[in-house]
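K.L.:
Would you mind keeping the following structure in view while I ask a few things?
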Amino acid sequence: MADRDLVVGLAHATQHSDPGYESEKRLSESMVADSLDNDVDSIHEGLEFPTAEEMLTLRRVSDAIPWNAYLIAVVELAERFSTNYIQQPLPSFSRTGAGGALGQSGALGAGQQMSTGLTTFYQFWAYICPIAGAYIADTYWGRYKTICWSVAIAMLGHVIMIISSIPGIIGGHASLGVFILSMIITSTGTGGFKSNVSPLVAEQYRITKCYIATTSSGERVIVDPAMTTTRIYMYFYLFINIGALIGQIGMVYAEKYVGFWLAYTLPTIVFCISPLVLWYGRSRYRRSLPQGSVLPAALRIWRYAQRGRWSWNPYKTIRNLTSDDFWESAKPSKQVGEKPRWMTFDDQWVDEVRRGFKACGVFLWFPLYWLCYNQLNNNLISQAATMTTNGLPNDVLSNLDPLALIIFIPICDLLIYPALARAGIQFTALKKIAWGFGTAAASMIWAAVVQYYIYKTNPCGHYAGTCEDAHKNPLVSPLNVWIQSGSYVLIALSEIFASITGLEYAFTKAPTNMRSLVMSVFLFMSAASAAIGEAFVSLSLDPLLVWNYAISAILAGVGGLLFWIVVRKLDKEEDKLNNLANGRFVENSS
């Protein structure tokens, strides 16, 4: 803590010397690309930069986090709906779906396969839409305006979801159609802001270069912007999960004792805070300006770099396309004679594009991770319904995930990561991601073992999900539902290592004028996982659920191992990639 307190004053002096959006805008328009010899701009003026030797030997710490980074995080708080609404039938004694203290809440009675299919579709659509939101933000509107319009769309979806659950509609033929419509509209709005919120949060921290500071004990340390970005995203994630924990617990008890109309109204009320916060922070956020058609230029660079590298020999083609000098031929300085008119950028921007493509290559592995994580939203909740809950709502235990995150994020930030740094161990982003795959696989092994014993102890054996007595009363395994805790704790650890680090990696490795777009590629991997997950829907029913969890564990475990083998070389470039000079890009008006 002493290291962090030491740099607070310097951080505030450098970050807040030029407040207000208009001054930020003038500054962003006047700044030029940083050079490799540490030319300073107005943000870094007066800072001492480390030598190459100091970069290797001095301990690294994070900087203070600007408070306005979290004003925008409230937008992420209220994306909630209930698996029980889809899967379980409307109780015969209820007009609201509430099951009461001893009953099971429900509405549509569509079964576990339909529930898993619809929640997986929601996941897919919510993570396809960020690509459109990112393109609009980077090219036309900017992040702030895109977020505002996306919030309005999501708000409409929330209202329609409430309508689907009011007495008189809930449980009827129209209920399913209205609910699916609400899912589509809500996920469209959600997708629009997901790719823009997290970059906007991290952009509030303006220092981009490592600099030297001295602790109260006299130790010279490096204040590392990459570590600061890690901290920003960890506490951004913590903030979101505090809201998720409070909101979800309120939802599950409202669903159980009052009805789904209240369960969906609660997050809608929270979501209504978003427009107020956006309006309040409109002049406080540092906003990056849209810079026109950046994506076509990046893709053109990629195509241009491939010239002369294709061969009828597949091995030779792969070697040429992955060689270290692949991007060199696309740099303006390497052109013989007059450069093409579309090269309205400098060599440094090509390096940034290369870094962004490398990041996207890392993200291609994430669908295997999300296969495990997505079990939290459907199958693990259904698993809880087949266990002894002692009056607890079957979906309340899923709150162990945000609770574990709230506990473990500060532990990682204040104890584990600093201890590793003091020991000289660089726990880089790619190492964290690999560990995230491993802990996700462990969580699914836990779930598979629990499911095996549910089948072994349930009165109906391998058909636990539909087990009833002669009077249609549900029968469950005597296993206590808290046995599930291990799965939720392990998946929470995996989120710290993989999900949070993925957000950080997308931000730090993207070109500055393509941050929303690269973030959308990271988010799109969740959509790809949802599409793959649709193939697993056939395993999401008795008696195949052990295989469902086991296969997810195998894919994540083997995938994590292969991931590390592939990215080991890239991991050695971490410092170099984080400290690239900022490139310049001018939209081609011809």
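Including glycine, each Cβ sits where the backbone N, Cα and C put it.
Sharing the feature lines straight out of TrEMBL:
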- 124-141: transmembrane segment (TRANSMEM)
- 148-170: transmembrane segment (TRANSMEM)
- 176-193: transmembrane segment (TRANSMEM)
- 235-254: transmembrane segment (TRANSMEM)
- 260-281: transmembrane segment (TRANSMEM)
- 356-376: transmembrane segment (TRANSMEM)
- 403-421: transmembrane segment (TRANSMEM)
- 433-454: transmembrane segment (TRANSMEM)
- 481-505: transmembrane segment (TRANSMEM)
- 517-539: transmembrane segment (TRANSMEM)
- 545-567: transmembrane segment (TRANSMEM)
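A description of the local structural setting of each listed feature is requested, covering burial, neighbours and distances.
P.N.:
Same-chain neighbours of the transmembrane segment (403-421): 1, 59-61, 230-231, 234-235, 237-238, 241-242, 245, 427, 488-489, 492-493, 495-496, 500, counting only residues six or more beyond its ends whose CB sits under 8 Å from a CB of the stretch.
Tertiary proximity for the transmembrane segment (481-505) is limited to same-chain residues at least six positions away from its ends with a CB under 8 Å from its CB atoms, namely 198, 202, 226, 229-230, 233-234, 236-237, 359, 362-363, 366, 369, 372-373, 375-376, 380, 383-384, 387-390, 392, 394, 397-398, 400-402, 404-405, 408-409, 412, 429-430, 432-433, 435-440, 442-444, 446-447, 450, 519, 522.
Here the transmembrane segment (517-539) has long-range neighbours at 113, 116-117, 120-121, 123-128, 130-131, 133-135, 138, 191, 194-196, 198-199, 294-295, 356, 359-360, 363-364, 366-371, 374, 502-503, 505-507, 509-511, 545, 547-548, 551-552, meaning same-chain residues at least 6 beyond its ends whose C-beta is under 8 angstroms from one of its own.
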K.L.:
In the same chain, who gets a Cβ under 8 Å from the transmembrane segment (356-376) while lying at least 6 residues past its ends?
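P.N.:
Beyond its ends, the transmembrane segment (356-376) has Cβ neighbours at 120, 123, 298, 302, 398, 401, 430, 433, 436-437, 440-441, 443-444, 447, 487-488, 491, 494-495, 498-499, 502, 505-506, 509-511, 514, 518, 521-522, 524-526, 528-530, 532-533, 536, 548-549, 552-553, 555-556, 559-560, 562-563, 566-567, 570, 577.
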K.L.:
Before we move on, state whether the transmembrane segment (176-193) and the transmembrane segment (235-254) share at least 3 Cβ pairs under 8 Å, counting only pairs 6 or more apart in sequence.
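P.N.:
No, the transmembrane segment (176-193) and the transmembrane segment (235-254) are not in contact.
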